[in-house]
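Enquirer: Annotations per Swiss-Prot:
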| type | residues | note |
| --- | --- | --- |
| ACT_SITE | CYS164 | active site, acyl-thioester intermediate |
| BINDING | ARG66, GLY67, GLY68, GLN69, ILE70, THR71, TYR72, HIS73, SER133, LEU134, GLY135, GLY146, LEU147, ALA148 | substrate binding site |
| DOMAIN | 27-203 | domain 'BPL/LPL catalytic' |
| SITE | LYS130 | site 'Lowers pKa of active site Cys' |
Amino acid sequence: MKIIHKGLVEYLPTFEAMKTFNAGRNADTEDELWVVEHPPVFTQGLVGKPEHLLIRDDIPVVQIDRGGQITYHGPGQLVVYTMIDFKRRKTSVRNIVSALENSIIATLAEYGIEAAADPKRPGVYVGERKIASLGLRIKNGSVYHGLALNVNMDLSPFTHINPCGYAGMEMTQIADFVQPCPTPDEVAAKLTAHLETQFTPKADNNE
């Protein structure tokens with residue numbers, strides 16, 4: 001699995017690059033993790049309802065092809081796009097989602113933060129507050145899009161939406177629990193290591 005650090009990049013070109021990568025991949029294409037941050041942007045999923053955008057401001061809204069409702073990305077949030085051929089790995093999308101959740105939970109545990117997945121709601125939570133979001137697109141036996149983990153960011157734009165379609169959803173981030181707060185790059189090093197641990201055995205065990 002190749003890990004590519006792209007830094008702070010605009011959302012729309014990254015979205016187009018994901019679609020191009022997925023459309024052009026073949027049986028020999030190596031899976032990739034893209035580690036990024038984005039300037040402020042709201043992204044609206046395939047089944048997204050306009051009423052979940054509560055306040056219109058100068059933050060752009062981009063309609064995209066992942067599942068789920070509206071969410072927010074901004075500087076200080078770690079985003080990892082998971083370009084994974086799940087058919088080749090002989091696994092399921094549910095297992096990929098679990099691997100993402102488990103990797104986030106293990107990463108947060110390294111900072112002393114007790115987090116958990118919720119079987120009724122996508123994402124990872126600290127108590128009732130959401131710290132990470134997940135969203136995937138399934139196409140041609142592969143997935144793309146991925147996860148967003150709040151590290152040290154301005155959370156106020158989340159109050160302009162119903163995050164992932166849930167009214168009143170309270171958001172949190174690593175900076176609320178850890179000071180000095182690690183940088184997104186420091187968190188990315190731990191998170192990608194956990195992702196490799198989650199995914200590599202699955203490939204090896206099914207060869």
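Counting starts with 1 at the first residue shown.
Backbone N, Cα and C define each Cβ position, glycine as well.
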Enquirer: Limited to the domain 'BPL/LPL catalytic' (27-203), I'd like the whole-number average of pLDDT.
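Expert: Mean per-residue confidence for the domain 'BPL/LPL catalytic' (27-203): 91 out of 100.
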Enquirer: Round to a whole number and give the Cα-to-Cα distance in Å for the pair CYS164 (active site, acyl-thioester intermediate) and LEU147 (substrate binding site).
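Expert: One finds 13 Å between the Cα atoms of these residues.
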Enquirer: By a simple count, how many Cβ atoms lie within 10 Å of the Cβ of CYS164 (active site, acyl-thioester intermediate), its own Cβ left out?
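Expert: That number is 21.
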Enquirer: Around LYS130 (site 'Lowers pKa of active site Cys'), how many other C-beta atoms are within 10 angstroms of its C-beta?
Expert: 25
Enquirer: Same-chain residues six or more away whose CB lies under 8 A from the CB of ILE70 (substrate binding site)?
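Expert: Residues satisfying the criterion: PHE42, THR43, GLN44, GLY45, GLY48, HIS52, LEU53, VAL61, ILE161, ASN162, PRO163, CYS164, GLY165.
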Enquirer: Based on Cβ atoms within 10 Å, give me the single least packed residue among the binding-site residues GLY68, SER133.
Expert: GLY68
